[in-house]
């Protein structure tokens, strides 16, 4: 992102002045294989120009006396973009960063190429971190907050490099010129980063999530023989995060090697990890820190599993609405068992699912 790294000029395509220096529009290739295309005045970059770096990233902007000045656009090799303000070739001032899908992931200030002042880090799931970064540009301090996807519910307190050490429930009351104003809830419980392991689901299994508690509750399912289900407390629109699916973290190999009866609350997180809510934690009297495992299956679901970076649980999955949902409506998801595993005649799924699948397919054929 720094526009004036020390590089040795190797080849010039374009007009040269009487001293053999680039003059006018030229393409200059450096010993590092970085390339610059733009306007020169007697060997110095002046006017519009663009660096093409060896790793596939680029930097484009307006140069004055060989240094990038004003608005510049740095494009990462993966397609992400940083739009920032440059002074004498260094990031100084407001900046915004977007991922390769065009989603805003950072908004704040830079000083001498480091993040500075109050900054916002936005996650793809809708949550965000906000606070005044330290001298290294890290979210470290005692006035940092994680803000849930509703942009109102927050956990405010002490963080180190974005990890919550001690957070209390707070409400984001207003944001003025990028600076948030929080009101901490009196008598709030204290939350901290508490990522599960293969043997520990949570250090405080009965401490509910404050965001989830406002949106869902557990009651007897309306689906026959399904036991308990997950219901919405409030009417919400589509694409709303409703609940979180935390659990112990085990391997796919462990899940595949055991009986289906033990896999009633397993959910794949990624290629290595499966989240599981085993006995006795499937009972809310033993575990209620998250409730996403209570959502039952439907072939016509109103919700979907989605990835989520949680301030307390770390990388997990959440339950997000597919459509508008009414208050008191049961939330359902498609469990997504493999209907056509290689070398097998039927779905790789528990018996109850296979029975429901046949019944659903029969209704679709009518």
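Yeah, the Cβs are placed from backbone N, Cα and C, and that goes for glycine too.
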- For the S-adenosyl-L-methionine site that Swiss-Prot gives as 226, 227, 228, 296, 297, the extra residue out of 166, 351, 356 is 356
- Task: Out of 266, 297, give me whichever of these recorded positions has the highest number of other Cβ atoms within 10 Å.
- Result: 266
- Judged by other C-beta atoms within 10 Å of its C-beta, the most isolated of the recorded positions 228, 256, 356 is 256
- Reported mean pLDDT - the repeat 'MORN 2' (59-81): 97
- Task: In whole Å, note down how far the CA of residue 335 (site 'Histone H3K4 binding') lies from the CA of residue 245 (site 'Histone H3K4 binding').
- Result: 13
- Item | Intrachain neighbours beyond the repeat 'MORN 1' (36-58), with Cβ under 8 angstroms and 6 or more residues off its ends | 3, 14, 17, 19, 21-28, 30, 64-67, 74-77
